[in-house]
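Chemist: Mind having a look at this structure? Questions to follow.
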Amino acid sequence: MKPEEIVEGLLSGNRRALARAITYVENEYPESKEIMRQIFAKTGRAHVVGLTGFPGVGKSTLVSKLTEEFRRRGKKVGIIAIDPGSPFTGGALLGDRLRLDGMDSRKQLWTDPGIFFRSMSSRGRAGGLAAKTGDVVRLLDAFGFDVILVETVGAGQSEVDIIEVADTSVVVMMPETGDEIQVNKAGILEIGDIYVVNKADLGGAEKVERWLRYMLSLDEESVQMLSQMTHADEARVQSGEFFERRKGWNPPVIKTVADRGEGIKELADAIEEHFDYMKKTGLIEKRRRERVKRELFEIVMNDVIKLVKEKTNYRDLLVKLLKGETDPYTAAEQIVEEVIHNAGKG
């Protein structure tokens, strides 16, 4: 299919066209850029909600129950679940249907036109997201979903990248996994707009909740010191980026028992309240402006790297580097000069 045919189908509500567009984008087919160009002006209406947390905290069940709750509220829901990639194929290991086990009415939900589910492989990428997550979010947005839920891979590494695609970041924890370690690790004190203590029927839930509320009450200087001690995303914490992005908003802490549906309504309420707050204060425009800037720089960098590989003698310079005949800085300058020179030739 031609890009314009896919876009026409997607914008008219054709789910097959949406699925094909996602496949093109995820696999970086040549047509994908034209698809993204054509749908860009149709985006910016959906509320993108990211759920992140360590393995086993129940993110998938929360996503399932939240989907049910938002559907009850008349919202159309798109779901992106980032799976760990196969080290051999790069493909998602879990697959779409396994991720919806927590839903009560599976048959109905699989045929519900107001729900679309897609799993994506992280392909070994750190940060909890797949490389093309942002583009797939835009496709779901253009299709007309009201809420887009993005569930990170949950591999235990720093997953602060969720803030690069989400309007609202939900950090999920659970008891009996070392509450202080959970709270101190991976910059999660800085990235969350909402915090969830799931599996709250287990012992220790109140302790996690108290500790979390205490840590969230600390001032910016204290958290910056904490980030140094815990090896969080220190550069971004020290820059004040995380605090600036939620200034004026006090993150709530919500206890849930997702597999029984307890606390789901309160969580959905908090998610909607946060979205309303951002729209009212102008924070949503600020976050999205930063997101577009990062995206622009990433596209430029990818295109420049492609030019370097195609239009310069970087391989010869690599050989010289390995022989000690030049240094990385001089080699980089030569590559930049080559790129500029070749660009001037048209």
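For all residues, glycine too, the Cβ spot is worked out from N, Cα and C.
The following feature annotations were taken from Swiss-Prot:
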- Gly53, Phe54, Pro55, Gly56, Val57, Gly58, Lys59, Ser60, Thr61, Asp201, Val257, Ala258, Asp259: GTP binding site (BINDING)
Chemist: Looking only at Cβ atoms, how many others are within 10 Å of the one on Val257 (GTP binding site)?
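Modeler: Other Cβ atoms within 10 Å of Val257 (GTP binding site): 19.
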Chemist: On a count of neighbouring CB atoms within 10 A, which of the binding-site residues Gly53, Pro55 is highest?
Modeler: Gly53
Chemist: What kind of secondary structure is Val257 (GTP binding site) part of, going by DSSP in three states?
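Modeler: DSSP call for Val257 (GTP binding site): strand.
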Chemist: Looking only at DSSP and grouping its letters into three states, which state does Pro55 (GTP binding site) belong to?
Modeler: coil
Chemist: Which number gives the other C-beta atoms within 10 angstroms of the C-beta of Asp259 (GTP binding site), all protein chains shown included?
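Modeler: Other Cβ atoms found within 10 Å: 16.
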